[in-house]
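Database features, via Swiss-Prot:
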TRANSMEM  11-31  transmembrane segment
TRANSMEM  45-65  transmembrane segment
TRANSMEM  79-99  transmembrane segment
TRANSMEM  141-161  transmembrane segment
TRANSMEM  185-205  transmembrane segment
TRANSMEM  216-236  transmembrane segment
TRANSMEM  298-318  transmembrane segment
TRANSMEM  330-350  transmembrane segment
TRANSMEM  357-377  transmembrane segment
Amino acid sequence: MRALIDMYQRIGLVPLIIVGLVLGILIGWLMPSVGVALGLLGSLFVGALKAVAPILVFILVMAAISQHQGESQVHVRPVLIMYIFGTFLAALTAVVASFAFPTELLGLNTIEAVADQAPPSGLKEVLTTLLMNLVDNPVNAIANANYMGILAWALIIGLALRKASATTRTMVSDLSEAISNVVRFVIAFAPIGILGLVANTIAETGFSALMSYGRLLTILVGCMLFIALVVNPIIVAFNIRRNPYPLVFTCLRESGITAFFTRSSAANIPVNMNLAKKLGLHEDTYSVTLPLGATINMAGAAITINVLTLAAAHTLGVPVDFGSALLLSVVATVAACGASGVAGGSLLLIPLACSLFNIPNDIAMQVVAIGFIIGVVQDSAETALNSSTDVLFTAAADPIMKNKTA
């Protein structure tokens, strides 16, 4: 048994994830019943990540703030600027792509609308939800994975603990290290979890449902790849003043792949924390920016909102001028930042964006239904972009990366 564990550790996580991915595709395709059964492994893995993430963020942020010294370097502001700027550029990219490759949504009037969740009535509701999350009960925040509330309480308690005795602060630091060890243990099961997730997805959905929306998916994924491989590297290069691609590919490989299959930025927080520690980044910074990024850094969501909204407008023959498209980009940026506070995420913010072009709500909800049909790919790619960008921008703002030789 020990020899098997040693071999597992020696091979490395990324090669094992690739093996799990290939096996999952084959099992889901060739043996659907087995694939569905293996879905339990994926559910357990995602459940473990989601369970450990809130307490990890709370303890890690509290420990980092309580141990923070006046001369320590914290770089939260530049990361926040990159988050918002990157999300806006993603929204603009989606607009340009939608104008360059106009897409019609097939069967828009024949698809049953999604009615089990109510979309927000406007930006005010989105922002109100976001702000109310800040003042949530701390126990409730941890129990429901409300990361805005968790961050707020962790910061407040961390600041209060600065005046605590050295012994108390050491205990908090030791607790933080213990939670980090638990996270490393959970992440070690990523290949098995991804095998289960992929096998179950292929077994239940197959490939046929995606084929009819091939053009729409191509534009969505193409925009996300453009942001990940062109726009983000430019932003990073401007900050670290050297070739950004080694860092970009590291983040995509070690964060993006896991996020693609878990389809949860919150579940991927422990993975990002682990990567940030491996890169040698300042804990005072990444313990705050990574959970914050999982809440407000939503470039993928902005792309999804704009592409589907403009596709609906094109299908219905609604004219969209440059000013309206620019306004849509601003609205999508603000709405995307609040996507984590909306049940259903980016898809249920589409009616909000559609309202800018007077598209009826029943039609907008049919667009949401199309989003759920392609969600296997759309949501996976969106989460991979969002989560890998969290750790990428955090690293780009850290002087450690600037000081490393290319």
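Heads up, the Cβ atoms here are built off N, Cα and C, so glycines get one too.
Just so it is clear, the model here is predicted, and its values are computed rather than measured.
Sequence-distant contacts of the transmembrane segment (298-318) (same chain, at least 6 residues past either end, Cβ-Cβ under 8 Å): 86-91, 93-95, 97-99, 102-105, 108, 216, 219-220, 223-224, 227, 325, 328-329, 332-333, 335-337, 339-340, 345-347, 349-350, 353-354, 356-359, 363-364, 367, 370-371, 378, 381-386, 389. The transmembrane segment (185-205) shares more Cβ pairs under 8 Å with 11-31 than with any other stretch in the list 11-31, 79-99, 216-236, 357-377. Within its own chain, the transmembrane segment (141-161) has Cβ neighbours under 8 Å at 50, 53-55, 57-66, 68, 130, 133-135, 168-169, 172, 266, 269, 288, 291-292, 294-295, 340-341, counting only residues six or more beyond its boundaries. Within its own chain, the transmembrane segment (45-65) has Cβ neighbours under 8 Å at 141-143, 145, 147, 150-151, 153-155, 157-159, 161-162, 172-173, 175-176, 179-180, 182-183, 186, 189-190, 192-194, 196-197, 262, 264, 266-271, 273, 283-284, 287-288, 291, counting only residues six or more beyond its boundaries. Listed as Cβ neighbours of the transmembrane segment (11-31) (distance under 8 Å, sequence separation of 6 or more from its ends, same chain) are residues 38, 187-188, 190-203, 253-254, 257-258, 261. Sequence-distant contacts of the transmembrane segment (79-99) (same chain, at least 6 residues past either end, Cβ-Cβ under 8 Å): 219, 222-223, 226-227, 231-232, 235, 239, 285, 289, 292-293, 296-303, 305-307, 310-311, 314, 325-326, 328-330, 332-333, 336-337, 389, 393-394, 396-397.
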